Amino acid sequence: MQLGRRELIFSVNCFAAAMLALFASFALGLERPFWAMMTVYITSQPLSGAVRSKAVFRLAGTIVGAAATVILMPPLANSPVLLSLALAAWVGLCQFVSLLDRTPRSYLFLLAGYTAALIGFPSVSHPETVFDTAVLRAEEIGIGVICAALVHAVVFPRSVTPLLAARAATLLTEAESWIADALSLHPPARTARERRRMAADVTELHVMATHIPFDTAARRPTRALLAALRQRFALMLPLVSAIEDRMRSLGTTDGIADELAAVRTLAAGEGDAADIRARCLARAEALPLAGWDDLVRLNLLHRLAELVDALQDARALTRSLDNPSAYKITAAPVTAALHRDFGLAGLSALATLVATLGCCALWIATAWPEGAVAAMIAAVVCCLFSTMDDPIPAQRSFLIWTIVSLPVAALYLFAILPRVTDPMLLVLVLAPVMLPIGAFMALPRWYGRALPLAIGLVGGLALTNRFAADFAGFVNGSIAQLVGVAAAMAATRLFRSLGAGAMVRRLRAAGRRDLAALRDQHSAAALARWIARMLDRVGLIAARLGDVTDDGRDEAAATLRELRLGVTLAQLEDGATGSLRADIAAHVAGRRDAAPLLARLDDAIDSAWRDHARPLLAALTGLRRNAFPDAAAWVPGHAA
């Protein structure tokens, strides 16, 4: 843990924005100014572009959630049970859609969900005021969003663009290093870790790029440029992985040593790419095809030529991030496709529905005045941690740090704030606790602890234009908060809690289903989207490898092999190999026997070998290595 200049600037910005939002709400006579202050801390991010994008999505989500509440409440105002069910179902639906998005845009759907809970549940006893309440909450949250975006954009803003350019440069360096290692007969063990990290970095590059339209940099890269860069990096991973596999299969550089050395030189930043690519293809045409090893060399040379193109494009695109106008993109960008888990999203929505309805049942059955607080906290806590494999540890931490915030809030509420007589004094008494909290929020490791501390403290103080310290109300509200978090934990444990190993298995199964579906997709755009999805899964598996057994690591390696297989399948033309492609995809999905399929594949290789169809031979060889890596070597004349 290290608090530096950036963390301190972030904390000061958060506090300044929070005070600006609080006093603006005071001046406008809003009902609950503390909502504006709380919104600042929830919205704030270290990167100014991320703050602005989150602010836009939060504001839009708040408006949608407020509108949904106004629409839902009037027809159900006389039936608390149906109203509770409708609000809980709306939160669950929005959470479901949010989990399928998996970009910062998902925040819009999440806010649309739990904003309805924040507005709707407290208005159940006074449904006639729901419109006024919705407008007030939207105004309070809107002021918080605007103040956060304004202060973080003006005071020492930290742009996303330089960080993205630095990440792309690092990714390029990693790719060049991996290429050099892959072209040796004995690559170091670190390459296995590098390729998994590279897969995760490619996905992160896409997620960071969603903040670019909101960034504060004067020259921002275009969407097309970023999409092209992501596609080149995404293509390199299966290419280099395939080259590694062919090198292992050969166990020697005989016959291709010069080409391997040339590509290795290119990876080091030297040599002419066009000349090296031409040499690889010329060698592939001149290569004698006497046996299986020659076919592997043929495939390797074709992959090397493709890698040279991808590497040079990635270099040019990475350089252009510093000067976006210098590189013209002519092709339309392919929309990135990320892994979506409909089943898990559904279970998360079900957990939210059950937790919220459980609190509503307790509220209705006991006529508990603060039952609305429990219901809305349950909805919020379920939503906040729904992207995690196992949200329970984070929810438990949220509960612990909420409990920690309560004595601090009580100290302020009953001992310090009664003595505060002017606005400047309020700023001075809040600074000693809010500034450290803001600094810790800037540290990823501490964010999950500092945020509930900030929310619990600001919510506990509940600052309004008229100060009123009600001990009974404070205790009742605090208990309701804890009940809401506990309900969220119980429902999550019942329906949603998964370990890293279970998530790895789900990711692998989804990859196999996608591979089976690829047989019916032939366009370059479809292949690019499929590669993006598979790379995303490799990255998601890589992020979980520290928490899984060796079997989980085998799953990651198998997913990468299936990625190579899918690329090869997509390169095969329709016609004679069409049914074979479909059957191999089905085999990987577990719906075809291996032995008859291997025999058919060897027959296809025999036919292409007799016809001297070198590009087809190269593709079929890659197909055999990826689908049947442990099979005995093909022998010429197999079909005879």
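Placement of Cβ uses the backbone N, Cα and C atoms for every residue, glycine included.
Automatic, uncurated: that is what TrEMBL annotation is.
Database features, via TrEMBL:
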| type | residues | note |
| --- | --- | --- |
| TRANSMEM | 7-28 | transmembrane segment |
| TRANSMEM | 56-75 | transmembrane segment |
| TRANSMEM | 81-100 | transmembrane segment |
| TRANSMEM | 107-125 | transmembrane segment |
| TRANSMEM | 141-160 | transmembrane segment |
| TRANSMEM | 342-365 | transmembrane segment |
| TRANSMEM | 399-417 | transmembrane segment |
| TRANSMEM | 423-443 | transmembrane segment |
| TRANSMEM | 450-468 | transmembrane segment |
| TRANSMEM | 474-495 | transmembrane segment |
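Counting Cβ pairs closer than 8 Å and at least 6 residues apart in sequence, the transmembrane segment (342-365) and the transmembrane segment (56-75) reach fewer than three and form no contact. When each of 7-28, 56-75, 81-100, 141-160, 423-443 is scored by its Cβ pairs under 8 Å to the transmembrane segment (107-125), the top-ranked stretch turns out to be 56-75. Residues 39, 42-43, 83, 86-87, 90, 94, 104-105, 107-116, 118-120, 123, 127, 130-131, 134-135, 137-138, 141-142, 145, 214 of the same chain lie 6 or more positions beyond the ends of the transmembrane segment (56-75) yet place their CB under 8 Å from a CB of it. Counting Cβ pairs under 8 Å to the transmembrane segment (450-468), the top-ranked stretch among 7-28, 81-100, 399-417, 423-443, 474-495 is 399-417. With respect to Cβ pairs under 8 Å, the transmembrane segment (7-28) is most closely packed against 423-443, considering the stretches 81-100, 399-417, 423-443, 474-495. Between the transmembrane segment (474-495) and the transmembrane segment (399-417) there are at least 3 Cβ pairs closer than 8 Å, counting only pairs 6 or more residues apart in sequence, which means the two stretches are in contact.
Through the fold, the transmembrane segment (81-100) approaches residues 65, 68-69, 72-73, 106-110, 112-114, 116-117, 120-121, 124, 340-342, 344-346, 348-350, 352-353, 356-357, 360, 364, 375, 379, 382-383, 386-387 of its own chain, all at least 6 residues removed from its boundaries and within a Cβ separation under 8 Å.
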